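Take a look at the structure below.
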């Protein structure tokens, strides 16, 4: 599956939006991928995550555990683990810090990959790696359905993406004139109460 095929999956469910958006990183963009809509469709989720699982197997070989950071990584993490035939776990925030809870554990020698929906800055993935590194497993890399960072997100480990996009994004004080004319919408989830 290539980038255009991935974007077509977003288009099919009206999840590739155009306008003026405030990204979770605080930057502004004329394009937003409404991933929650994509992952609300089980067949679409299965299609995307099966393709991602194939790429992960090609890159890493055996994978024992997939961890998806809550909330955005829950469905892609689970669906990717299902396609790989391995265990799925998730991290979640507790007192503002990403943690592994609910009886989840990583055993010595287990090979772990973190799977997210979209990577823009890599912050959530870094936080998830930090939480998982407190256990005995071997965190071998990360993956995402869409890498929106233009290859600039340094997550500290190899990052596998199903699609890489180069949508423009801007500092709020350096917007192009056409974007300044459109009211900004904040559709993301970071910082929601």
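Counting starts with 1 at the first residue shown.
Using the three backbone atoms N, Cα and C, a Cβ is placed for every residue, glycine included.
TrEMBL annotations: computationally assigned, not manually curated.
Residues annotated as domain 'Phosphoribosyltransferase' in TrEMBL: 45-154. Taken from TrEMBL, the feature 5-phospho-alpha-D-ribose 1-diphosphate binding site applies to 93, 116, 117, 118, 119, 120, 121, 122, 123, 124. Per TrEMBL, orotate binding site is recorded for 120, 148.
Distribution of TrEMBL features across the structure.
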{"residue": "93", "record": "5-phospho-alpha-D-ribose 1-diphosphate binding site", "CB count, 10 Å": "14"}
{"residue": "117", "record": "5-phospho-alpha-D-ribose 1-diphosphate binding site", "CB count, 10 Å": "24"}
{"residue": "119", "record": "5-phospho-alpha-D-ribose 1-diphosphate binding site", "CB count, 10 Å": "23"}
{"residue": "120", "record": "orotate binding site", "CB count, 10 Å": "25"}
{"residue": "121", "record": "5-phospho-alpha-D-ribose 1-diphosphate binding site", "CB count, 10 Å": "18"}
{"residue": "123", "record": "5-phospho-alpha-D-ribose 1-diphosphate binding site", "CB count, 10 Å": "15"}
{"residue": "148", "record": "orotate binding site", "CB count, 10 Å": "24"}
Tally of DSSP helical, extended and coil residues in the domain 'Phosphoribosyltransferase' (45-154): 37 helix, 36 strand, 37 coil
From binding-site residues 93, 117, 119, 121, 123, the one whose Cα lies nearest residue 148 (orotate binding site): 119
Model confidence over the domain 'Phosphoribosyltransferase' (45-154) (mean pLDDT, whole number): 94
Cα-Cα distance linking residue 93 (5-phospho-alpha-D-ribose 1-diphosphate binding site) and residue 120 (orotate binding site), given in Å to the nearest integer: 19
Max pairwise CA distance, angstrom, over record-listed 5-phospho-alpha-D-ribose 1-diphosphate binders 93, 116, 117, 118, 119, 120, 121, 122, 123, 124: 19
